[in-house]
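Colleague: Can you keep this structure in mind? I'll have questions shortly.
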Amino acid sequence: MASVGADARYAIELKGISKAFGPVQANKDIHIAVPKGTIHGIIGENGAGKSTLMSILYGFYRADSGEIFINGKPTAIPDSQSAIRAGIGMVFQHFKLVQNFTVLENVVLGAEEGALLAGSLSKARRVLTDLSREYELDVDPDAVIEDLSVGHQQRVEILKALYRQADILILDEPTGVLTPAEADHLFRILKGLRDQGKTVILITHKLREIMETTDNVSVMRRGTMVGTVKTSESSPEELAELMVGRKVLLEVEKAPATPGAVVLKVDDLRVRDEHGVERLKGVSFEIRAGEILGIAGVAGNGQSELLEALGGIAAATGRITLNGAELPLSGAGADGRSRRKAGIAHVPEDRQALGLIMDFAAWENVAFGYHDAPEYQKNALFMDNDALRADTERKMATFDVRPPIPTLAAKNFSGGNQQKIVVAREIERNPDLLLIGQPTRGVDIGAIEFIHKQIVALRDQGKAILLVSVELDEIRSLSDRVAVMFDGRIMGLRDPETTDERELGLLMAGIAEGSKGEAA
Amino acid sequence: MDYATLLQLLDTTLRLATPLLFACLAGLYSERAGIFDIGLEGKMLMAAMASASVAFLTGSVWVGLLAGMLASLLMAGLHGIASITFRGNQLISGVALNFVASGITVLIAQRLFGQGGRTPPLAGEARFSSITLPFAEELQGVPVLGPLYYEVISGHPLLVYVALATVPLTWWVLYRTRFGLRLRAVGENPAAVDTAGISVVGLRFAAVAITGILCGLAGAYMATALQAGFGREMTAGRGYIALAALIFAKWRPVAALWACLLFGFFQALALRPDVVEAVVQVKVPVPFLDALPYVLTVLVLAGFVGKAIPPRAGGEPYVKER
C-alpha cells in the first residue's frame, strides 16, 4: 500500500525519518523531497546529522522510524545491496577503493556477471569506454588505483556507481581533497549527469559550491531539517544563518598588516620521510612580526612536513632562525618542548593525534607542553592541579568552549570545541611565532568565525603567524601573504588582494610562472 | 655428489615440501582475506592426530583423511569465531589454538590407544601408498630424464600430486574467478567490499574454511603418507615454516610452490649432512640447515630480496565506520 502523498516526481522522498544513538538524537523527524533530474545540496555543521541521514539512505543504518520513497515507491533499505538495487550510488568522502586493483577490477567488484571474471571484465571495459565518453570521466581502465591522483580516484568511484546503473548519486564532501581545477571538472561532470536525467545529492559544508552547483538546497541543524530553498533565491549569508541559527560573519574583518622585524627566517629547509623520500625540497621564506603567511596547496605537498620541521617533530636539514637566533633542526634541541621554550607555539594539523590525548580530561590537555610552567607547580615535587583546573576554566570562558567543564574528556567535546582548547593552550602562552595547521578542519561555522578572529587578534598584537590550510577561502581571507606549495616546493608568493583563485589554482597544480602565459 | 644422490635428495625434497605446500596455500587463502593465521601448526597437528586415529580404527585411509579435514575445519571455525565474529586479536587466537592442539592431541591419542600419546602404526589400507605414474618403468632407460621421472616425479602418495595441482588451481581461483577477486579485495580494503554490498563476514569465513580444509590435507599427509601414524608434536614447526614460505613468496601461489620446494630442499639436506659435507668440504651442523628457512625469511622481511607487502587489511578486524 502506497502512503498518502507519495509522488513519482521525486527521486527521493523521506518522511519523518528519526534515528537515535543512545541518548543522542542524530536525526529528528526529517522530511525531504528531491526532485528528479536536479542537483540537491545538503548543508549543515558537523554533527548536524547529514552523514547519518545519508547512511540511512545507503543502508548502513536503519531509521528508528519514518519512510523512504524512491521514485514514489515506498522502499526498505536494510543494507547496501538494497540501496544499490534501488538505484542509489554513493561516493564516500574516504574512497572505498582497493588500492592495488586496477580501475576495471574495482568497478567490477560486487557487480560481477558470473562466477568467472573474464566476461565481467570485458563487459565493464566496454561500458566504461561509453561512460567516459558521455560524461568526461576519462580514466585508464587498466591503471592501478594507487598510481592515480585523488581526482581520478574519485572518478572511479563515480564510474562504480554508474556501472551499477545508479540513477541517484550521493557525494559526501567530494571536494575536500581536490584542487580547484579538479573540483570544477567534478562539477561539470555532475551537471552532465543531471542533464542526462540523473539526480545528484551533494553534501558539503562549502557554501560557495552549493551556490555554484545546486538547484535546491536543504539545511540541517542539530539533527533537524531547518528548511529547503531554491538556490537561485537564496544567498550564502542566508544559508549560513540557517545552518548556525544566528547571523554569521563570513568575511574576516581585519585591518591591513603592519609588518615589523623578521621573526622567522627559513633557508633551504629539507625533510625526508621514513623511506628516505624527500618531501620538503628546499623551502625558504621569512615571516615578520604582525603578519600572517598563508601556505596554500593540495594536501600532501609538503605542508605537513614544513609544520613538523618547524615544530621540532620531524628532523630536517637547512637553516632556521627565530629572532636572529639559529634553532637546531635535528638532534638535541630539535623537539617540541625546546621549540615552545624558544617561543614557537604549534597548533598541529591533526589535533586528535598530535594536539590532544582524547581520553584525557580537558584540564590535563591544557597542561601538555607547558606542564612545567611555574604557575602549575605547588612545590618541587607536586603539580598544583587546582590551579591548572582554574586556569582551564578561565581559558574555557575566554574561548567560549562548550560545555565549560575542565574535567570532561577531550573526546566528549565537538571538533570545534576541541580545536578551541588547543588554540587556547597555544595562544595564551604569548608566543612570538604561531604555527597553525588546518585551524578549522572539522570545525563548525560558528567556531570558525571565532578561531579566525583569535588568529587576527594575535597578529594585531605583533606576533608572526604561519597558517597552513587546504581551504583556499580561509587562506585568502586570513593571510597577508600567500605562498603556494606543490611537490615539496614553494611555487610562488602572492598578495591575496591582487591574486585570484585561478592563479592560485594553477600554482597548486604545479604550473609555474614560466608556463603561465601558455596556460592562460 | 653423483646423479643418483641428487635424485634421492630431490625425491625427499618433494615429499617434505608437500605438507609445507598445503599449509602455505592454506595460509594464503586466509591471509589474502585479511585474517592472519599463526595457527596453521595447530590445525595440522589436530588433523594428523584425527586422521591417524580414525584411519587405524576404521582401517580406511579415506575415512581418516575426512576426519583429519573435519578436525582442522573445527579449529578453523574457532579461529573464525574468535577473530571474525568477535573481532578478537588474530595472533592471540592463533597462538591459543596452537597450545590447545599441542595438548589435546596427545590427550586424545593417549585416551584412545594408551601408547604414550602415539597412535599405533598404520599399515595397508589405513595408509596412503605410493603411486607409480604411467610409463615410469618403461622410460627408466632414457638417459638423465628417465631416472628423473622414475625416481623424483613418480612414486609418491596421491596427496603429493594433489598438493602440486592445488597451486595452479589456487592461482586460477585467485585471479580468474569472482570469488578470488572478492577474496583479494576483502584482504586489502574490506570497506570497499562492504559498500559494494558483499558480506565481509561471509567471505572471510569462506576463506578460513578453505584454510581449514588445506591444513587438514597437510596434517593427514604427515600422519598417513609421510609417516605411518601420529606422534606427539609430529608437525615439528612445519606450520611456522609454511608461514615463512608464504612471506617469502609474497602471498603469491606460484611463488609459494618454489618457496616450499626450496624450504623442503633444506629439510632434505638436513637429513643428509654427509652429502652437504661432501659438497662444501666443511662439516655443517644440522641445526644450521634447519634454521635456513627462517634466516631467508628474515632477509626477505628486511627487504633484501624485494619488498614483501602483506595484504593491507591483514590482522585488522573489520568494523563498519560511520
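Each residue, glycine too, has its Cβ placed from N, Cα and C.
TrEMBL labels come from automatic prediction, so no person has curated them.
Since this is a predicted model, take the numbers as computed values, not measurements.
Just lifted these from TrEMBL, have a look:
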- B:50-78: transmembrane segment (TRANSMEM)
- B:90-109: transmembrane segment (TRANSMEM)
- B:158-175: transmembrane segment (TRANSMEM)
- B:205-230: transmembrane segment (TRANSMEM)
- B:251-271: transmembrane segment (TRANSMEM)
- B:291-310: transmembrane segment (TRANSMEM)
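Neighbours and distances for these, please.
Modeller: For the transmembrane segment (B:158-175), the list of distant contacts is 14-15, 18, 21-22, 25, 28-29, 32, 128, 131, 183-184, 214, 217, 220-221, 225, 253-254, 256-257: same-chain residues at least six beyond its ends, Cβ to Cβ under 8 Å.
Long-range contacts of the transmembrane segment (B:291-310) within its own chain (CB-CB distance under 8 A, at least 6 residues past either end) are made by residues 31, 241, 244-245, 247-248, 250-251, 262-263, 266.
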Colleague: Do any residues, 6 or more residues outside the transmembrane segment (B:205-230), come within under 8 Å Cβ-to-Cβ of it, and if so which ones?
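Modeller: Tertiary neighbours of the transmembrane segment (B:205-230) are 15-16, 18-20, 22-23, 25-27, 29-30, 32-33, 35, 37, 40, 43-53, 55-56, 61, 64-65, 68-77, 79-80, 84, 105, 109, 118-123, 126-128, 157, 159-160, 162-163, 166, 179, 183, 186, 238-239, 242.
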Colleague: Residues of the same chain, at least six outside the transmembrane segment (B:50-78), with any C-beta under 8 angstroms of its C-beta?
Modeller: 39, 42-44, 93, 97, 101, 108-109, 112-113, 119-120, 122, 124-128, 208-209, 211-213, 215-217, 219-220, 223-224, 229-230
